[in-house]
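Annotated features, as they stand in TrEMBL:
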DNA_BIND  B:22-41  DNA-binding region
DOMAIN    B:1-59  domain 'HTH tetR-type'
Protein chains: 2
Amino acid sequence: MKQKLIDASIHLFDEKGFTETSVQDIAGEIKVTKGTFYYYFKSKQELLRDIHLNYIGYLLSQQDEIINDTSRDSRNKLHDTVFMLIHSIRNRRKSARIFFREMRNLAPEYLEQNMEKRDLFRKNVQGIVEEGVRKGCFQEDLNTDMITRGILGVANWSYYWFNPEGDVSDEELTNIYLEMILNGINKK
Amino acid sequence: MKQKLIDASIHLFDEKGFTETSVQDIAGEIKVTKGTFYYYFKSKQELLRDIHLNYIGYLLSQQDEIINDTSRDSRNKLHDTVFMLIHSIRNRRKSARIFFREMRNLAPEYLEQNMEKRDLFRKNVQGIVEEGVRKGCFQEDLNTDMITRGILGVANWSYYWFNPEGDVSDEELTNIYLEMILNGINKK
């Protein structure tokens, strides 16, 4: 039931927005009473926190696998990171959009928790870039912080437009972006 | 007065959100009556449309200058596009955030107007990439649509984190990103 309430609210928050969605709307969506809602969540804000924590928790656990795969070099790990982000659009687009859009509706203590995890995710990607510099895969003089944010920009932006059912698959898009990030678009 | 109302609402929409901000809040912010507001705008939604049209209109006019500057090649024009987007954060961050976040609060006819202009902006950037391919600056087999969206991702994402008063200037950030986009991060 808890998951059903979460799923219904993800759908409604994405469609109408967090503020515009009432607890009554969420309960009504799956034909239960408000009492049922309050049995599982103290408030709508607690539910929003759960959506955020679920989403970033999912990304961090996927990232963990990528980082610890000793069979992959830094280029592969960057590839896997971008693929993971673009691939998760298929199932997690709504969660991701709520994640980016409704953050300011989190209570300050939840927001902080959330920011810490987001920062950890970004710093882990930066770790991959730095490993690549150290091991001689990437250029020595990179501003690894800014480059990491640029790479995340490429991947995260796709949440706003990418259609996984369209002409270009998530795998193809990842390869196009990795090629640009690694080798650039200049004619050699 | 109209501009004052727009400025006050940009501030409030960014801080509290469009739905959470009332006409009373906007009027109160600059100490005028609701009547004054309704003298200039039919509704809060019309004001939101104006913010969106102002913002995209500003980007399109800047873009026009870049495209028509015959002294610049395709690489320079890409540079100027990314710089223009990152540079405008200083003065237009709030407008930009409202642009991306509150789009779904636009009435359908306004939304369509807005999407057309956004598409035009993107297609113009794609035109720069295609010109570069034609003239032999960029690789022949680029997926220019996907590459354009990737470049816009790098630039637009910076609205979420870039601090123009920080260690890295808008000009430096542009150069870091152009270097990545043109030549990649791989060690040569």
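Cβ coordinates come from backbone N, Cα and C, glycine included.
A Cβ distance under 8 Å defines the sequence-distant neighbours of the DNA-binding region (B:22-41), meaning residues of its chain 6+ beyond its ends; these are 1-2, 4-5, 8-9, 11-12, 16, 47, 50. Across the DNA-binding region (B:22-41), DSSP assigns 14 helix, 0 strand, 6 coil. Note on the DNA-binding region (B:22-41): its mean pLDDT in the predicted model is 93.
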